[in-house]
Amino acid sequence: MKKTVILGALTIAGLSAGAAAAATLDDVKARGKLNCGVTTGLVGFAAPDANGEWQGFDVGVCRAVAAAVLGDPTAVEFVPTTGKTRFTALASGEIDLLARNTTWTFSRDVDLKFEFVGVNYYDGQGFMVPKSLGVTSAKELDGATVCIQTGTTTELNLADFFRVNNISYEPVPIETNAEAQPLYLEGACDVYTTDASGLAATRAAFENPSEHVILPEIISKEPLGPLVRHGDSEWGDIARWTLNALIAAEEYGVTSANIAELANGTDNPEINRLLGTEGTLGEMLGLDAEWAKRAIMAGGNYGELFEKNIGENTPIGLSRGLNAQWTEGGLLYSPPFR
Amino acid sequence: MTSISPPRGESFTLSKLINDTRYRSYTFQFIALVLLIALFAYLGSNLAQNLRDAGLNISYGFLSEPAGYDINQRLIEYDSQSTHLRASIVGVLNTLLVAFLGCILATVIGVVVGVLRLSQNWLIRKLMSVYVEIFRNVPVLIWILIIMAVFTAVLPQPRDFRGDDAEASMLWDAFAFTGRGFYFPKPVFETGSTIVVLTFLASIIGIFVYRSYARKQLFQKGRLLPVFWPSVGLFFVPAVLMFFIAGRPISMEYPSLQGFNFQGGIYARNSFISLWFALSIYTAAFIAENVRAGILAVSKGQTEAAASLGLRPNRIMNLVILPQALRIIIPPLISQYLNLTKNSSLAIAVGYMDITGTLGGITLNQTGRAIETVLLLMLFYLAISLAISAVMNVYNNAVKLKER
C-alpha cells in the first residue's frame, strides 16, 4: 500500500516532466479532446444538468477553448476535481486546463509552477448563516462552528479573519461542497464559508433559499481564473487570449446573435482583427483565423455566459458588481487585440 | 559423505556459477538483488531529474513556517501562527488518541462478541454471527460515513436546546448529547487536589497488590479470597474519603449553552466519536473471529477435565480456556491493531484532523510539498506500526507457553 504511494508519486513526477516538455496544443489536437478540470459540482459554475451535460460559467471557458482549438465546443472531457486534487491533476498532465474557480495567488503561480491566464470572476470570501440565528455581521460569530472546504485559500483567510478580530471559532473541515450542504442544513455547523459566488450558488440549490442570509462582510480578495502548467507558454497564450476574446467581445458588442453578421467585416478594425477578417492574429497563436469567432459562438461572449449561468435572472442571482466591463465601472479589461 | 563434498584440487571455474547447483541459487539471488537496486536507483534518479526539470527541489524548510490554518481538536497548544511542524504534531497526537482508544474498545467488544458467538444460547449466538458478518463485510469508510450521517441527523443540535420550551434538554444538567458531539462535566483541580490524586493512584497500586496476594493465597494455600468487591472498594473508598478530608478540592465544570455552542466541560466532537466508534466496531468484528478461533483451538478435553474438577463455567473460561487461547489470539490481534491504526487515516472523511488531515492534507495542499509530506507520513505510520508490534510482542512473549 505504502509502496504504491511512492511509486504513484514517482509516476506523477515523471508525468509532469513529460507533459511539460511536450507541446500541449499538439497533444490536444492529436487527442481530439480537451481535458478540462472543473469542480465536482457547483451549480452555475460547473455541474452536470439533468441530461448529464456539464453546464456553467467555468464550463463555458472550457468549451470556448475547445471551440477555438478543435473547432468543436463539445470536444471536452470534463474531469471533476476537489480542492485537494486539482493541482496534482494539472501538474501531472491529467488535465490541460483547470477552470475550477481557483484563486490566483502568488504561491500557486510561482511556487506551485502554474500559470494563471486571467481572471474570469472577481470574488471574495463570505459567510452564510440561517436567518433564524439573527446574525447580521461576521464579527458576531464568536464561538460559532464554521464549515469550511479544506485545501482552499478560504481556510487561511478564515484563520486570519478570526485571529485579527480576536474572536474564537470551531472549524469543521470538509472535502467537497456537496458534503458541506447537509452538515450546514442539519445544523452541525452554524456558518458556511466559501467564496461569495459559491455561497450564492449553494444557497440556490437549497429547498428554502430565503431562510439563509449571506453576511455583508467580504473578508478576502479571490480573483478566480483558469490556469495551465508552467513551461508551455504557447498553450498558456491560447487559453489567455480565448478568455480575453470573450471579454473583448462583450466590450465591442459582439454577441452570439450578431457574430455571423459581424464576421462578414465591419468598419471597426478591432472587431475585424478579433474575428479574423483582418490581420493574422490566429496564425500567431498557431490556430486558424476564425478561432475567436468559434470561441464566442460556443456559448456567447463573457456577458452572455454570465447572464445565462450565474446572472440576476438565474436562481444564483449574482449581480455583475466588480465583474462588469471597465467601461461600466467594473474590473474586466481585456488588452487590445492588435 | 565424501561423494557429497567437492573433490579436492578441482579448481573453481566461472561456468560453475550457472551449472553447479551449489552456487546457482546464490548467482540468481545476486542478479535479482542487483536488478532490484538498479530499479530503485532508476526510479530515484528519475524522480530527482523530473523535479529538477520542473524547477522543484526536496526541502523540509516548510515545516518551520507558520501553518496559517486552525485545527479544531488539539491536545497541545496550537494556533494558526504555529508552524507546520506543530500542526503535524497535533495531527500525530490526534491519530494516536483515536488509535489507542479504538484498540481498547475494539478489544473489549471483540472479546465479548467472540465468547458470545460460542454461547449455548441460540439467539445470542446468531445475533453475534450477524454482527460479525455485517461489520466485517462492509468497508470501514462506509461505516464511518454512515455513523457520522446518523449522528448529525438524529441527535439534536445546540440550537434545539435554546429557548424556554426547547426541543431537547441536557441530561441531569451535566451531559449534553448533540449532533456536534458530546459535552461532559470536567473536573477542575484546585490547590490541595494533589493529595486526592495521589491517594487514588496509591489505591490503584493497592488493587494490583491485593490481587496478586489473593492469587498467591489461591495457588499456595488453596484459599479462595474475594477479589471483585474489595477491588471496587479500594478503587472508590480511599479517594472519596481523602476528597472530603482535604475539603473538596476538586469541583466540576459543567457545560452550558452560551451563544452558538455549549461552552465549558469536556467536548468530544462528532467527528472523533464517529471515527472512534466506526473503527472499533469494524475491527472488533475481526477480533471476535480471532477470539472464537483461539477458544475453539483449545481442546474440548480441557473443558471437560476442568468441569470434572468441579469448576464452574465462568471459572473454566477464565482460568483454563482463556489463558491457553490467548497464545493463539495475540499474534493475529497485533495485525488488527495495526489495521485499526492505519485505517484511522480515513479520518478526513468526517473532518477529524489526524496526521493525514493536517500534514498530508492541508499542509500538503497549502505548501505543495507532496513528496516530502508523503514521505514523512509513510515514516510516521511505519514507526507507529513497528512500535505497536514491538509492545505487543513483549506481551506475547509474556503469555506464551513457557517450556521448562
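Positions of Cβ are set from backbone N, Cα and C atoms, glycine also.
Curation does not apply to TrEMBL; its annotations are automatic.
Straight from TrEMBL, the features:
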DOMAIN    B:92-392  domain 'ABC transmembrane type-1'
TRANSMEM  B:26-43  transmembrane segment
TRANSMEM  B:89-116  transmembrane segment
TRANSMEM  B:137-155  transmembrane segment
TRANSMEM  B:192-213  transmembrane segment
TRANSMEM  B:225-246  transmembrane segment
TRANSMEM  B:266-288  transmembrane segment
TRANSMEM  B:344-362  transmembrane segment
TRANSMEM  B:374-395  transmembrane segment
Would you kindly list the residues that approach the transmembrane segment (B:192-213) from elsewhere in its chain, counting only those six or more residues past its ends and only Cβ-Cβ distances under 8 Å? 225, 227, 230-231, 234-235, 237-239, 242-243, 246-247, 249-250
Contacting positions for the transmembrane segment (B:26-43) when only residues 6+ beyond its ends and CB under 8 Å are counted: 17-18
Among B:89-116, B:137-155, B:266-288, stretch most in contact with the transmembrane segment (B:344-362) (C-beta, under 8 angstroms): B:89-116
Residues outside the transmembrane segment (B:137-155) whose C-beta sits under 8 Å from one of its C-beta atoms, at least 6 past its ends, are 177-180, 270-271, 273-275, 277-279, 281-282, 343, 346, 349-350
